[in-house]
Each structure stands twice: as structure tokens, then as C-alpha cells.
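Q: Have a look at this one before I ask anything.
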Amino acid sequence: MTAVRSLKTPEDLAAAGLIEPQKLDGIRAVADRYAIALTPTVVSLIDRADRQDPIARQFVPDPAELLTTPQERADPIGDQAHSPVKGIVHRYPDRVLLKAVHICPVYCRFCFRREMVGPQGDGTLSPEELSAAFGYIRERPEIWEVILTGGDPLVLSPRRLAAMMRGLAEIPHVKIVRFHTRVPVVEPDRIDAAMIAALKESGKVVYIALHANHPREMTGTARTACARLVDAGFPMLSQTVLLRGVNDDPAVLGDLMRAFVETRIKPYYLHHPDLAPGTGHFRLDIAEGQKIVSALRGTISGLCQPTYVLDIPGGHGKAVIGESAVRGEGGCYSVSDFRGGEHAYPPK
Ligand code: SF4
């Protein structure tokens, strides 16, 4: 069955044959807590005959999401600890996150901001809040890059996006505007002439970081949407989350990285899954991740190698963990933040 609109409720999923009727109550309990959305494009990618389908696993809710472990946290990467005004996260000196919107076209079951996104989430910044966020950026000449994330900033209409870009155009020390998005893959039709014109509105250098986790997401239509962005002059990078049952296999990950490079997207980050609530079934041990990443070396081109990183809980920033993380006392890892601080991290 081809969906003509996004599926947003357990009943939608049951009607589309994506969950079995006897699982409906369990999924309703998940839906009470975390948002659900699958676009028609995502629905069309799901292989219903495969009970382990890696696309379904990313987007179809699972009762396992109601199981939380003691080390999981509502804000696993510590956004709130570095949020001086609503919508801004200022973790590193030369850049800020601008979270203008907390809506996404799809809701990933492993989302690290799952407590903030969705219709019941932190919402969209009001004009006053957006103006305060711009004021914060304007007053700090050290801010060289603004990263629009959320939520997915490309759900905004081209009109609103253009207005935001015009606001950034007025801040001379901001040289780079980066977007984090899943839209070119999950809703490729949004990448049209109006969207591209809006992205150009600031006159700044604009980078687009695409989030995709499995090679089957890189369809012909997704590649065409990305080509539109690259042809318009926006360099593209990738972000992938290493996920049990989705891409925890060097062959799958290698195919994904090659698909990125074929689409003129430079593989950037491979994220170790964060300690978000109810996501234990997606997590693997850092040692398993390191083994997968080492298997990529030598088997696929250097162009295709992502950097394997961990966001240190508590807002301490990213640590590269490809080869440097070591298992310390009590089965924990010890990772270093960019200021030289050492932090313990649990095995799973
Ligand atoms: S698109 Fe990003 S912010 Fe939205 S649900 Fe997925 S991981 Fe979370």
C-alpha cells in the first residue's frame, strides 16, 4: 500500500500494515510518550516482508522504547547546560546551534532529542524568541558558524527560512550557516527552487549535513534532491548514527558511505548512539563500533571514511573514539573532551 500522507498514529501504522493489530496497545503506550511520523517516502522504503527491516526499525515505534536504563538521560548530550537563551546552544567557542523548530518530517526512534521534538515538544521559536537568539549571536563576534538544527530546519516554509537567513545576513561575523536535515531523503520534493532560493538568501556560505543511516535511504529521488543542493553551490556532509540492527555491519555502512560520495556528499560523522531514554535496543558497545570502523579502513576509499564520535554526556562536546577510547576500570571507557577533561562512559 502506498501512503499518500504521513503516518502519525498507531492506528495509521496498523492500517498501513506496519504493526500487527495485537501490538496496538503497546504502541499506543509508546505514542503517549514519543512522537511518531513516517512520510510517504519512508513508508515506500519499508519492506513489510522483512521483520528486521532496517528502515522500519528506524521509524516504526517499538514497545522496547518504554524500557529505560539508569544511565539514560532526557537530555543526553547536555543541550540545556549550554543554552543561554531559548533556541541557542553555545557549547564550543566559535559556533552555536540555533534550534528554531522542534518539528521533524519523521521521528527517529533513537532520536537524541526525543524529549524535545514532536508536536508536544519545545515548539517553534516565536518572533520575539528568534530575535533574542539573533541578539545573542550578534553580540558575540567569536561566533563564526551558526548550525540550524532542531528539529529539522528544512520543515520551515521557504518564506520563513528566507526571513531567518536575512536575519543572519545582517550579522557580519557569521561566515558559515550549516543545516542539519533529513529532508532530502525523507521528503525530497521539499528541495525545490523556492527552498534553494531561501537557502541562498543570506549570501553566506551554506553547508548542508544530511542525516541518513542505511544505503536504501539513498534512492534515486533522494540523490536528485541532494544534486539540486550541490548544484546550487551548497557543499554537503553526512551524519550517520551507528545503530544495532540498522547499520552495525561494515558492508552496510560501506555501501552507505559510497552512496554519499557518489552523491557528492563527504562522509563526516558516524555518531555512537546517545544515551537517550528507551533506546537501549539500538546501542552497541564502543568496542563493537571500533571494530566496524576499522573494517571500513582498507576496504573502501579514503573518501568514504567517516569520523567515529561520541557526544560526551553532560554537554562536554564530542570525542573522537575511532581508535583512542580505552576501556578503563570497572568496564567503563575514559574519553577526553576538547578542553582536556576526562569522562567515564558506560559500555552500553
Ligand atoms: S530527524 Fe533528527 S531531531 Fe528529528 S527525530 Fe530524527 S534524529 Fe531526532
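Please read every residue number as a count from 1 along the shown chain.
The backbone N, Cα and C atoms fix where each Cβ goes, glycine too.
Take a look at what TrEMBL says about it:
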| type | residues | note |
| --- | --- | --- |
| BINDING | Cys104, Cys108, Cys111 | [4Fe-4S] cluster binding site |
| DOMAIN | 90-303 | domain 'Radical SAM core' |
| MOD_RES | Lys318 | N6-(pyridoxal phosphate)lysine |
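Let's see these features in context: how buried, what's close, how far.
A: The Cβ of Cys111 ([4Fe-4S] cluster binding site) has Cys104, Val117, Ala276 as same-chain neighbours under 8 Å, each 6 or more residues away in sequence. In the three-state DSSP assignment, the secondary structure recorded for Cys111 ([4Fe-4S] cluster binding site) is coil.
For Lys318 (N6-(pyridoxal phosphate)lysine), the same-chain residues 6+ apart in sequence whose C-beta sits under 8 angstroms from its C-beta are Tyr269, Val309, Leu310, Asp311, Ile312, Phe338. Annotation note: Lys318 (N6-(pyridoxal phosphate)lysine) sits in a strand segment as assigned by DSSP.
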Q: I need the least crowded one of these binding-site residues (Cys104, Cys108), counting other C-beta atoms within 10 angstroms of each C-beta.
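A: Looking at the binding-site residues Cys104, Cys108, the Cβ with the fewest others within 10 Å is that of Cys108.
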Q: Looking at the domain 'Radical SAM core' (90-303) alone, can you tell me the average pLDDT?
A: 96
